[in-house]
Amino acid sequence: MLTRLFLILITLFLNVPPNPILAQNIDQLFEQGNAAQNEGNFTEAERIFRQVIKINPNNADAYRYLGIALRNQGKLEEAIAAYNTAIEINPNYAEVYNNLGVALYYQGKLEEAIAAYNTAIEINPNYAEVYSNLGFALSNQGKLEEAIAAYNKAIEINPNYAFAYIGLGIALYNQGKLEEAIAAYNKAIEINPNYAEVYSNLGFALYNQGKLEEAIAAYNTAIEINPNDAFAYNNLGIALSNQGKLEEAIAAYNTAIEINPNDAFAYNNLGVALYNQGKLEEAIAAYNTAIEINPNDAFAYIGLGIALHDQGKLEEAIAAYNKTLSLADKKADRASVHTLAHTTLGYALQQQGKLEEAIAEYEKALKIDPNNTTAQNNLKEALIQLTIKLYPSLTVVDEQKHIPWDEPLIKELRATVRIIALVSPEGYSIASGWVVKRSGDTVWIVTNRHVISDRKTQRLATDIKVQFFSELEDPQRPRYTATIEKFTDQGESLDLAVLKVSGIPSDIQPLTPYTGRLNRNTPVQVIGHPNALEIPWNTSKGDVMNYNPNNSTFPIDAYVSQGNSGGPVINEQKQIIGMMVTIRRREEVAIAYNPNEPAPNLDDIVPATGDAGIAYRIDIVMEKLQSWGILP
């Protein structure tokens, strides 16, 4: 009888309707918990939602919001446990599967995150947020087309979902579709103009288009919205540095460091800017701090090595280069970190006289990047030095006996010089130039500024040698020491330099400049030393592709590569009509540079080889030489 009475009492208790006071208390706790969550007080939110769970252990919402509070504290395992409990209570809770996916994403468990997102989509196929999150996970797997499809689905469901446009922009950027990425970022800004991160992403895309002013404007907007955006300050510094505004760049990096003192990337970039100012000790200190923060920062080790190399501390530099090579390879602006490390290590060994070891390093660099011109140039020089070392009896013979005087272009070939310049701790620049003036046994040679200066620091070469055409092999071909007479500044529209060399054979005479109007489709020949072909004094035929008298340059379709810089472009009458300055893919050539704008940092943006050359008009070059007093 007592047992029966007990069961009846239990049954009656279970059938009692919910206590309105208790429900009211839970509602109030939810309001308090959500308020704490919105204020960023996640520990308080956690406390409140745990209190709700004590009152009602079967409240799926409480477990969901507890999971969110835990995730925002970085307690991912606990958050996942809370989400899974919510799912046990309510297996059709799409929002919880989405939250679970986010937590798994932050753990790097992309497959599990994707599975959670897909379950959320099965439950609610019109859930825009989960499609966007799915896109981020797919994008991080490198599945860019699938990611783009997910973002587009999110946008289809909710055309005003800014995050989906941001994700779409990132995926398009990673596909190299910069214009489409920029359009997506701008759409996100149109929807939500107060989201700082999208301005940073927009700035990065504009930067990679070479639109530095627009990129800087985007970064500054990001900073206006969020003055504590260290990422934006970092990228602002990079853009300013590329404009040559090193003091402003350093200020931006220092602000990034103030915001986040553990930002190894900012310290590394600060080191680069200080190095480019020639402040080697300060640069080394910045690199060392970056390494303290992140001992696996390959960028910092390669920067440290180059700065030590510049100080002449070869053993310490070699140690830094070897440390770089022990870390994972990363892509840098012109070459991978390992390519650069093998190249600089090779040059340090070359300076120590360890030529065989140096050659091995250059070959490793070229195995990674066959088009790396510095490694190509250094290898050529090391092989010449090794040949002379192994065969010391080799002597320079009478060069005049090895000149093919019956060659139709002999005058033009002899007036085109090969320039070997030691420009940086990375090694050599090998390119072209041409004789513009002669007085007695002294000649003046025109080339590009970037041929005889370091592309980053703009410091001029410390050792410049020139060679003239003959059929002698390199170890026997005479070298003449050149001095720098004139050069344009980095910000000038012309990229020019003049060298002076004495003791030159009498047959070498200046080229004859063309004085008429240049026409489209004019047949031309380019003379130079293309790295890609490894053939000095190569001649390549082509035509003038376009001509605009308002531009200082014109494109030609002759085959050229790095090494042709500074070389002459001659017409069928053997008159010089232009001077090579850079190369482009044919599809990139629309019009030449605007002569009223500063010259870009050509060495940063040109490909190693191309099927269209960009040349300065010869009249523009001659005017500059006259203003310098080189020509009357």
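Keep in mind that glycine also has a Cβ here, set from the backbone N, Cα and C atoms.
Automatic prediction, not curation, is the source of TrEMBL annotations.
The annotation signal peptide is assigned in TrEMBL to 1-23. Residues annotated as repeat 'TPR' in TrEMBL: 26-59, 60-93, 94-127, 128-161, 162-195, 196-229, 230-263, 264-297, 298-331, 339-372.
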Mean per-residue pLDDT computed across the repeat 'TPR' (162-195): 95
Spatial neighbours of the repeat 'TPR' (339-372) far in sequence, C-beta under 8 Å, 6+ residues away: 298, 302, 305-306, 309, 314, 317-318, 321-322, 324-325, 329, 332, 378-379, 381-383, 385-386, 389, 425-427, 531-532, 607-609
DSSP-derived helix, strand and coil totals, residue by residue, for the repeat 'TPR' (162-195): 27 helix, 0 strand, 7 coil
For the repeat 'TPR' (26-59), distant same-chain residues with Cβ under 8 A (at least six beyond the ends): 65-66, 68-70, 72-73, 89
Per-state residue totals over the repeat 'TPR' (94-127) - DSSP helix, strand, coil: 27 helix, 0 strand, 7 coil
Helix, strand and coil totals (DSSP H, G, I; E, B; other) for the repeat 'TPR' (298-331): 26 helix, 1 strand, 7 coil
